[in-house]
Amino acid sequence: MKSFQIAASILSADMASLADQVRQAEAAGVDRFHVDVMDGHFVASLGFSPEVVRVVRRTTQLPIDVHLMVTDGNQFTKSFASAGASRLIVHAEADWHLHRTIDSVRLTGCDVGVAINPATSPMVIDEVLPLLDVVLIMTVNPGFGGQKFLPETLPKLERLRQRIEREELSCQLMVDGGINANTAANAINSGANLLVAGSAIYATGKGIAESVRDLH
Ligand SMILES: O=C(CO)[C@H](O)[C@H](O)COP(=O)(O)O
C-alpha cells in the first residue's frame with residue numbers, strides 16, 4: 001500500500017473545462033482536490049470563490065481541501081464549508097486567534113488544518129498540533145503555481161514527523177509548492193504523506209493521466 005496521497009491543485013487547471021479537468025485527475029488516481037483561496041492581501045494573487053468549490057463538489061466525491069491564503073480565514077469558513085469543502089486550512093501567520101479559528105472550522109463539520117510559510121517556524125503550531133487533521137508545510141512562498149521547491153523546508157517536516165510519531169497523533173503532513181516527480185521523494189522521505197501538485201499534474205504538456213502516473 002502506498003504511504004502517501006496526492007491532491008490535485010486546480011490552480012493550474014484549465015478553468016474553461018474545470019469539471020473535465022477534475023474528472024481526468026480523478027480517473028488518473030489522485031486522492032483528493034486542493035482549492036486555493038487568495039485575497040490579494042495575505043498573498044498577491046486573487047481566486048478562488050466558493051462557487052468554484054461548488055463546481056468541484058458537483059463533479060467528484062473525492063475530498064476537497066480549501067487552502068485559505070487570506071488575512072481573515074475565520075470569516076470565510078461557513079461559506080466554503082457550505083460550498084462542499086471537506087477540510088479547511090488556515091494560515092498560522094494570518095490568524096491572531098488560531099485556537100478560536102480551529103474551533104470555528106470544527107463547528108462547520110469540516111476537518112481542520114493549519115499552514116505555515118517557508119519563513120515560519122513549526123513552533124507556532126506547537127500548542128495546537130494535537131487538534132489538527134493536517135499541517136500544511138508550504139514548500140514555496142504562497143500565491144503562485146509553478147514555483148521552485150525550497151529544500152530548506154525539509155527539516156521542518158522531519159521535526160513534525162518525529163513529534164507526530166512520538167505522540168501517535170493522527171495528523172497528516174502535507175506539502176505544497178514545487179512538488180513534482182523529482183521533489184516528491186525528498187518530501188516523502190522527510191515525513192510528508194500528502195503531496196499537493198498543480199503544475200506537475202495540469203501543466204506538464206504530457207496530459208493529466210501520464211503526469212499523475214509520473215508522480216506516483
Ligand atoms: O498554494 C499554492 C501556491 O501558493 C498551490 O497549491 C499551487 O497550486 C502549487 O502549485 P505548483 O504545484 O505548481 O507549485
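Note that Cβ sites are derived from N, Cα and C of the backbone, with glycine treated the same way.
Pulled from TrEMBL:
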ACT_SITE  ASP36  active site, proton acceptor
ACT_SITE  ASP176  active site, proton donor
BINDING   SER9, HIS67, GLY143, PHE144, GLY145, GLY146, ASP176, GLY177, GLY178, GLY198, SER199  substrate binding site
BINDING   HIS34, ASP36, HIS67, ASP176  divalent metal cation binding site
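The binding-site residues recorded for this entry are SER9, GLY143, GLY145, GLY178, SER199, and the Cα of SER9 lies nearest to that of HIS34 (divalent metal cation binding site). Within the same chain, residues at least six positions away from SER9 (substrate binding site) with a Cβ under 8 Å of its Cβ are PHE33, HIS34, VAL35, ASP36, GLY145, ASP176, VAL196, ALA197, GLY198, ILE201. The 10 Å shell around the Cβ of ASP36 (active site, proton acceptor) contains 25 further Cβ atoms across the protein chains shown.
Between the alpha carbons (Cα) of SER199 (substrate binding site) and HIS67 (divalent metal cation binding site) lies a span of roughly 17 Å.
Burial estimate for the binding-site residues (GLY143, GLY145, GLY178): highest at GLY178, by number of other CB atoms within 10 Å. For the substrate site listed in the record, the two most distant Cα atoms among SER9, HIS67, GLY143, PHE144, GLY145, GLY146, ASP176, GLY177, GLY178, GLY198, SER199 lie 17 Å apart. GLY178 (substrate binding site) falls within neither a helix nor a strand when secondary structure is assigned with DSSP, and so counts as coil. Here GLY143 (substrate binding site) is positioned 11 angstrom away from HIS67 (divalent metal cation binding site), judged by their C-alpha atoms.
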